Amino acid sequence: MKTKQFTADELEQAATLIRQGELIAFPTETVYGLGANALNEAAVKQVYAVKGRPSDNPLIVHVSDFEMVKQYVADFPEQTEALVDTFWPGPLTLIFNVKPNAFSTTVTGGLKTVAFRMPNNAETLKLIKISGVPLVGPSANTSGKPSPTTAQHVYHDLQGKIAGIVDDGPTQIGVESTVLDLTAKDGIPVILRPGAITKERLEQVIGQVMIDQHLISEKETPKAPGMKYKHYSPDVPVWIVDGDQKVFKKAITWAKNNNQRIGLFADEQITATFSAEVEAVFSFGEHSVEQATKLLFAGLRSLDEQAIDVIFAQAFPESELGIAYMNRLKKAANQNILKNDSIFK
Ligand code: TXA
Ligand code: MG
């Protein structure tokens, strides 16, 4: 199959392919999604197949407005209106109980709930509207690899396996949406996956919000099935470096003593300081968690293609957006963190 690149004025063609059961990758403000008609079970099965995704991991249904969701959900929790008014379109996925048989078990993974999201991207909203159907949209990467933040990343993983890609340049945020479960019996919403819409911002709008325990304690089984899988991993092992230049210096010395070729993912100052001592660098620019988050997956993908044995990636404090950044980075690093007090063997 030839994978076609669609521009903004070719969305009609892309929508026709969607209606015919084909797969089209689409841009969002978070990461690129792999779109298919959520009401066409064969098309949804194909999404799992091309990604190599475990079948018990349910998909997010993407809509172009809240009206679309109303067809599938009988009762909305009281917080819904305020959340939708404040955050849609945007990087917030909402989980509702759905009407029986509204979607196939291929979409729901056998759960009674479904995740919905209205992405903040003009092209994609138009694509959904013209298609006239909701679209499933997992991240458009091979399962387990870093999510795609450019159309080129999608090509790299899925070229020849999908009908097309709508290219709208690099994504703004860089990590996937916050997933908020609104179906808890006690009525308190629970964050199942951290993203750019933080707990603090949600609480300003709807009051108390909980965080799924597994996001704090790694021993708990995550409620979002997707959070239990190894994720975001380059082939090259990743270590998080939590500290200042001295800690980077220690980490680099330790790796060199073990004959490891090093790639660095860090701010412009750290990368400039050590560029002569390591084999590859990827700078995310100024020292800000927004910048680091935006370029995390691109950086991991780019370093993974270099001749290196280890990637050292810079930590950020786990607050606000830093929670989402560190959540993805810890998965990529298999929880390996080098700190000042770590024993460098
Ligand atoms: O930003 C995003 O959300 C991107 C863009 C493309 O929209 N999409 C995305 O989809 O990240 P995906 O499939 O890679 O991640 C969906 C996450 C998984 O962790 C999945 O387990 C969880 O949402 N999820 C989906 N439906 C759920 C449900 N009914 N209950 C609990 N978790 C659910
Ligand atoms: Mg994903």
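Think of each number as a place in line: the chain as shown, counted from 1.
Here the Cβ of each residue, glycine as well, is placed from N, Cα and C on the backbone.
Remember, TrEMBL labels are computer predictions, not curated facts.
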Same-site L-threonine binder from Arg19, Arg117, Arg201, given that TrEMBL records Thr30, His62, Ser177: Arg117
TrEMBL annotation, ATP site containing Arg53, Asn57, Thr113, Ser139, Arg193, Tyr232 - matching residue among Ser131, Ser147: Ser147
Cβ packing number for His62 (L-threonine binding site), 10 Å threshold: 25
Cα-to-Cα gap, Thr113 (ATP binding site) vs His62 (L-threonine binding site), nearest whole Å: 15
Ser177 (L-threonine binding site) versus Asn57 (ATP binding site) - Cα distance in angstrom: 16
Cα-to-Cα gap, Arg193 (ATP binding site) vs Ser177 (L-threonine binding site), nearest whole Å: 8
Model confidence over the domain 'YrdC-like' (8-197) (mean pLDDT, whole number): 96
Rounded Cα-Cα span from Ser139 (ATP binding site) to His62 (L-threonine binding site), Å: 12
Residue with minimal Cβ packing [other Cβ atoms within 10 Å] among the binding-site residues Thr30, Thr113, Ser147: Thr113
